[in-house]
Amino acid sequence: MSRFFTTGSDSESESSLSGEELVTKPVSGNYGKQPLLLSEDEEDTKRVVRSAKDKRFEELTNLIRTIRNAMKIRDVTKCLEEFELLGKAYGKAKSIVDKEGVPRFYIRILADLEDYLNELWEDKEGKKKMNKNNAKALSTLRQKIRKYNRDFESHITNYKQNPEQSADEDAEKNEEDSEGSSDEDEDEDGVGNTTFLKKKQESSGESRKFHKKMEDDDEDSEDSEDEEWDTSSTSSDSDSEEEEGKQTVLASKFLKKAPTTEEDKKAAEKKREDKAKKKHDRKSKRLDEEEEDNEGGEWERVRGGVPLVKEKPKMFAKGTEITHAVVIKKLNEILQVRGKKGTDRATQIELLQLLVQIAAENNLGVGVIVKIKFNIIASLYDYNPNLATYMKPEMWQMCLDCINELMDTLVAHSNIFVGENILEESENLHNFDQPLRVRGCILTLVERMDEEFTKIMQNTDPHSQEYVEHLKDEAQVCAIIERVQRYLEEKGTTEEICQIYLRRILHTYYKFDYKAHQRQLTPPEGSSKSEQDQAENEGEDSAVLMERLCKYIYAKDRTDRIRTCAILCHIYHHALHSRWYQARDLMLMSHLQDNIQHADPPVQILYNRTMVQLGICAFRQGLTKDAHNALLDIQSSGRAKELLGQGLLLRSLQERNQEQEKVERRRQVPFHLHINLELLECVYLVSAMLLEIPYMAAHESDARRRMISKQFHHQLRVGERQPLLGPPESMREHVVAASKAMKMGDWKTCHSFIINEKMNGKVWDLFPEADKVRTMLVRKIQEESLRTYLFTYSSVYDSISMETLSDMFELDLPTVHSIISKMIINEELMASLDQPTQTVVMHRTEPTAQQNLALQLAEKLGSLVENNERVFDHKQGTYGGYFRDQKDGYRKNEGYMRRGGYRQQQSQTAY
């Protein structure tokens, strides 16, 4: 029991009834303590002695309240901490719970917390936004709550079957608590005593009767209030009579006494009756509302409602004269709310369209109409505040129509000048005697339109029909860009012309011109006159168009970025149409490879795409070394997909946050611009095979030979590690199998692995001139197989006939002669040509296989001797240096020197 109640003598008189100040004297033995003086405020304060059950339950409810607050702010770490404390508090209250039962509020928090954690766990986007501590706490708490709730499965199931009952009890309890607190504030007679004094007091009989009556009157109210919390107005049976007596006697000293007069009794009874009446009225009102809701029988499913006729908003008051000033004022009013929170963007667009109609009906002139249409298009672009969100199809079509209408107006009225440099104060919208001036930039609208088109293509499934439908809109986009190009060529500045030219280039550079390609294959003499006329009417080829646009940018542009993009697109277009030497020369003259690392990421992606296309072009021309060098940087990184802007790698997603991922996804090129990655890898591996296999055969005994392609060697090692080799299936397996055949000089097997139906479908048929590429590949395989054969078996032959080699590799004799001559000149093959007999005579200057092994053994033994000498010096304590390269001796005045692979004994000299 608290020391507060034990202080003082039992014989003190109850002076609180007379209103005198209460002075508590210390008992004997408590000399060090000051007497406790109660002020008047403390005298009036009610003091309540709570049972152990109330204390434990209050501790639980406080923890539950903290958990719910943490759930609202998604603080899972706080939830975990409080849940652990809640479990400990529940353990302390176990004896009370065993007697009274598990409280319903405890079951509710367990069920709600488990549902809340499951929601967070299923929300993948929300989990990504969590910090590290919250994510870790979520996993831990989810496991703990699932394990903890197993002991309360039946209670949680019953609660979930009827959760409304608990909610109604809470609402009713809160209402009664609020009313009860207001009544207690007004009650001057200490009504709360009856809830505290739970046993019969041994004081006056009149007080006991009054308490008994109050308990009977308040029985219904207390039952409803204490139903959930499992509290009652009766005391616990476990309390002893002695403790009860002490509590009641001490409480009677500090609490106000119950009313004793008849007037006080009547007032208290009246208040209780009013409270019971209010409670009854609330229940009856709720029942009436439920009956009203249930009137009319069963519910019926409504198939369709009557469509609401949406009234058009009224722009102007009735009778208002529509003038330029009134319309411009209304336009400014609409634009003032643009971008503000809560603004309905669709309604704003409708208002602007209605304003255009009003301006046209009242003949206010094209100046006002053009100004409003500029704002309509800008509002369409601002409809989606999120940068990653793309336009809806209806909004996109509306945007295209508005831009076309605006261009029709600008082209039809040549006296209208638009530009960003025109201030709103200097606009001329209605004075037709002078040229009309409108603030706005048609180039900005077209660039934004192009960006929206790219965004639509990025966010559409590339394998769906919807993507094809959206791709058809590119014709409209290109037509608008072409119209704006012609308009700006007449009225635009040099900078604007360069920008619109770049837009035109970006929609042209990646397209293969099949018509121009067919015209190149068909000579003019072989085509009919109608075909020639049709070719003339089609306009200039894409090559001529690219040449004209790019040269203008090279000469007029003042910004490095536009010129760089134009050069890269020009190189890409040359490479796509197999103009290798023009593309290579333009790349070398531009020196872009020296400073491309300083460019922004979209330009770097364009550079990577151009280099890849350049490498594929070199491969088609049979220049395997140039193709390999162009593709080396992209393929050796292992991130070709990411470097070409065609997707993000899963392993790299962990290295960036969510914002960086969104930015990089916006940089991805649409699917119709993608370069086939399997074709790219196949071209690289075949080029590496044609270079690496002859090199490996020429330097087979060289332990220090370098690798031309690490990725190709990796594929070879993967193939060698397989214990059981079946027929090749993937593209990589075909290249590895072909490489093994080429090592043996078997060009026919190599050819069958590289060129077959499966490889044709995956790779070779994707080229514009597939037959030409296959013919080139067969020729390269024959030549490199011949080189490999000579390198591998030169030690076997004393001489070999070139005719034999020609028949073996199905090459004509001049080609064989040329290949062998180059090998001899480059000192790759130690041999000579005997012209009269057409034979190759081997000189046998290269060491044989046995000699190579002996040389390797001698080299390894020499390194072993050196290592042993170092270990010996270390044991003898010679830490200062190693003297084998000096003339003095050591270890019995003898030293060892490695010179040319053998040991020489040096003469003894003084050190």
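Each Cβ is built from the backbone N, Cα and C atoms, and glycine gets one as well.
Features of the protein shown, as given by Swiss-Prot:
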type     : residues : note
REGION   : 1-44     : region 'Disordered'
COMPBIAS : 8-21     : compositional bias 'Low complexity'
MOD_RES  : S9       : phosphoserine
MOD_RES  : S11      : phosphoserine
MOD_RES  : S13      : phosphoserine
MOD_RES  : S15      : phosphoserine
MOD_RES  : S16      : phosphoserine
MOD_RES  : S18      : phosphoserine
MOD_RES  : S39      : phosphoserine
MOD_RES  : K99      : N6-acetyllysine
REGION   : 157-299  : region 'Disordered'
COMPBIAS : 166-190  : compositional bias 'Acidic residues'
MOD_RES  : S166     : phosphoserine
MOD_RES  : S178     : phosphoserine
MOD_RES  : S181     : phosphoserine
MOD_RES  : S182     : phosphoserine
COMPBIAS : 199-208  : compositional bias 'Basic and acidic residues'
COMPBIAS : 216-230  : compositional bias 'Acidic residues'
COMPBIAS : 259-276  : compositional bias 'Basic and acidic residues'
COMPBIAS : 520-529  : compositional bias 'Polar residues'
REGION   : 520-540  : region 'Disordered'
MOD_RES  : T522     : phosphothreonine
MOD_RES  : K641     : N6-acetyllysine
DOMAIN   : 671-847  : domain 'PCI'
REGION   : 883-911  : region 'Disordered'
COMPBIAS : 884-897  : compositional bias 'Basic and acidic residues'
MOD_RES  : S907     : phosphoserine
Whole-number Å distance separating the Cα atoms of K641 (N6-acetyllysine) and K99 (N6-acetyllysine) is 68
Do you know offhand how many angstrom separate the residue listed as 'phosphothreonine' and K99 (N6-acetyllysine) by C-alpha?
101
If you draw a 10 Å sphere on the Cβ of K641 (N6-acetyllysine), how many other Cβ atoms land inside?
14
K99 (N6-acetyllysine) has its Cβ surrounded, within 10 angstroms, by a count of other Cβ atoms equal to 12
Taking the Cβ of T522 (phosphothreonine) as the centre, how many other Cβ atoms fall within a 10 Å radius?
11
Could you check what DSSP calls K641 (N6-acetyllysine) once collapsed to helix, strand or coil?
helix
